[in-house]
Each structure stands twice: as structure tokens, then as C-alpha cells.
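Features as listed in TrEMBL:
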| type | residues | note |
| --- | --- | --- |
| REGION | 1-23 | region 'Disordered' |
| TRANSMEM | 43-60 | transmembrane segment |
| DOMAIN | 51-340 | domain 'Sugar phosphate transporter' |
| TRANSMEM | 72-91 | transmembrane segment |
| TRANSMEM | 111-132 | transmembrane segment |
| TRANSMEM | 175-192 | transmembrane segment |
| TRANSMEM | 198-218 | transmembrane segment |
| TRANSMEM | 230-250 | transmembrane segment |
| TRANSMEM | 270-292 | transmembrane segment |
| TRANSMEM | 304-321 | transmembrane segment |
Amino acid sequence: MAKGGGERGQLLPVSADDGKGNGGGGAGDDAALFKGSAMTRRGAIAALSYMACSVLLVMFNKAALSSYNFPCANVITLLQMVCSTCLLYVLRRLKIISFTNSDPSVPSDSLFFVPFRILLRTTPLSLAYLLYMLASMESVRGVNVPMYTTLRRTTVVFTMTMEYFLAKQKHTPPIIGSVALIVFGAFVAGARDLSFDARGYAIVFVANITTAVYLATINRIGKSSGLNSFGLMWCNGLVCGPCVLFLTYIQGDLRRAIEFPYLYSPGFQAVLLFSCTLAFLLNYTIFWNTILNSALTQSMCGNLKDFFTVGIGWVLFGGLPFDLLNVIGQGLGFLGSGLYAYCKIKGK
């Protein structure tokens, strides 16, 4: 397939290079957010898009696992992967999207739309994605929404560590200070969590580690593979889909899902549909935001969107009584996230 019209005029931005000359969005999108800003307009749009998708996905996943008491988190993960992969296949077959950055050295005529050597090169990213998906989905079940978002904020520490070891990236004192403030706020907020669950907390921290590895791997492999955001998502689906299917089969999750009493409930099916749709959009915006900005910026966006996640989760699902210490801790976390955003935008 030569570079057809569908690949020349992409409707969606898919890489850091879009908008620099071939129909991505124009030079205006690559301009600074404002004079002196280190973040571009496209970077800001990517960050905001990620935050919106993330908040909504947490709500729908929580509704499926807690409100409906669906016992099989891995089945939801499998459904999200299958839906994303099928949608990517249809869009690519119709030439609405491309999987590459229009690099002539990366042909797209192979059986899987990407060369097998590229598929092998992205395997570490796919395995990191698999661990990230499984741990993140299970972590939502173990703790209430406010404490989930509080504990997930500590991901930034793991992300900074992974960026240092994988990319030798160092950060300025203001950035380090903002991260320290976030972590301190998380511990203050969790000091009086009466619903403390050691297993639930442990799974959240495992999810934090896998998230950090995943984001750092995106930054390392995503820019060197020749694939855009859709291409990376496609490779993830090809590698991880069979693994999750096998896992759900041997654990008996598929049988339990079929026997679930609310399986044919319109409300539950609507929740699953929105969950699968938002998972696709979230994965896309994660790649887009991480490649345009950085892995640490992606983690910080996760902290900033927590303001809405905590508020909505508190109203819809409860689980954590109002406590002044918790409010102070949440405020410190948001203050640290805001400080990082200020430093990033100002280029410090």
C-alpha cells in the first residue's frame, strides 16, 4: 500500500511529528502555549485529552467492578484489548489511519500491517503494557476511589526513577520539590484511612511501578520504532491479547463472566461499552501525550486529573468519610501537581 490519501491527510494526530508539514494540524499547533512557554499547544491538548479520558474510564471501571460487583477484572481488560484491536484493524483497512510515521524504511504491507522485526522490537513495550493494564484494573477494586487516586499519585516517584535509569534524564530542583510535595500529600491524606486494606494498597503500588515502566518504555521505544500512536497500540493488542485470553481461561474468569447475573443487563452492558471505548481513547492519548511531552508530564497529568476523579468518585461511590487531614493531604497533592505544571509551562 503506497502512501495513499488516507495516510497523507490524517484526521487525528498520532506522533510528535504530526503538524510539521503533512496535514497534521499546522505550524500553529507546534507554537508555544504562550510566549516563553516550554509546552506547545498540541502538547496542552494532548494532556487535557488524556485527563478527560482517564477520569471517565476510572468511573466506568469502578461502576462495573464495585456497583455491579463484576468479579472478573481481567475479562474487562480482555474486552478493552479486543475492541481496540478490532477498531484499529477496521480503521487501518479503510486507510483512515496509518500505523507508521510515513517513514519509507518501515513498510506497511506485511501480514500484520507492520514488519515482524518491528513487532519484536516493541515486545518489551507490549509486555510492560500488559502488566500495566492488569495491575491498574485490579487496583481499582481494592480501595475506594479517593484513596485510589491518592496512592496513584506516588507513581511520579517511580516514573522519575525509571526515566533516570533508562534515559539518564535528570530534573531540576523545582520539579523534584513538586514531586516530594505530592508524595507527602499522599501520605497525609492516607493517614486516617479507616478502610485500610494491605492487599489493596500493595496492588496499587504494583500498578504504580508498572505504570512507570510502561511510560518510560513508551518514551524510549515509541520514538525509535517508526510507529505512531496507533501503530504502538496495534502491536500491544497483537502481543497482549492472546496472553490475556489465556490468563482469563486458565483462571476460570471466562466461565464466571458468562455466569454473571447482570451480564445481559442493559445498564451493565452500557458500562462495558463505555469502558471499552474510553480505554481505546485513553491508550491513544497516553501515547500522544507521552511522546509529545514526557513520561513525567504524563504522570503529572494523572495527578492533575485526580481533582475531578476524587470529587466525582466521592459523590458516586463514597468509601471515605470526610476528614480534614485527608482534605489537607489532597490539597498538598494538587498543589504539587500545580507547581510542576507551572514549571513545565514556564520551561523551568
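Cβ atoms here come from the backbone N, Cα and C positions, even for glycine.
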| message | Do any residues, 6 or more residues outside the transmembrane segment (270-292), come within under 8 Å Cβ-to-Cβ of it, and if so which ones? | response | 12-16, 40, 42-43, 46-47, 49-50, 53-54, 56-57, 60-61, 63-64, 68, 76, 79-80, 83-84, 87, 215, 218-219, 222-223, 229-230, 232-233, 236, 298, 301
| query | Do the transmembrane segment (72-91) and the transmembrane segment (230-250) come close, with at least three CB pairs under 8 A (pairs 6 or more apart in sequence)? | reply | yes
| field | Distant-in-sequence neighbours of the transmembrane segment (175-192), which means Cβ under 8 A and at least six residues beyond its ends | value | 146-147, 150-151, 153-154, 156-157, 160, 296, 303, 323, 325-326, 328-337, 339-340, 343
| query | For the domain 'Sugar phosphate transporter' (51-340), what is the mean per-residue pLDDT, to the nearest integer? | reply | 79
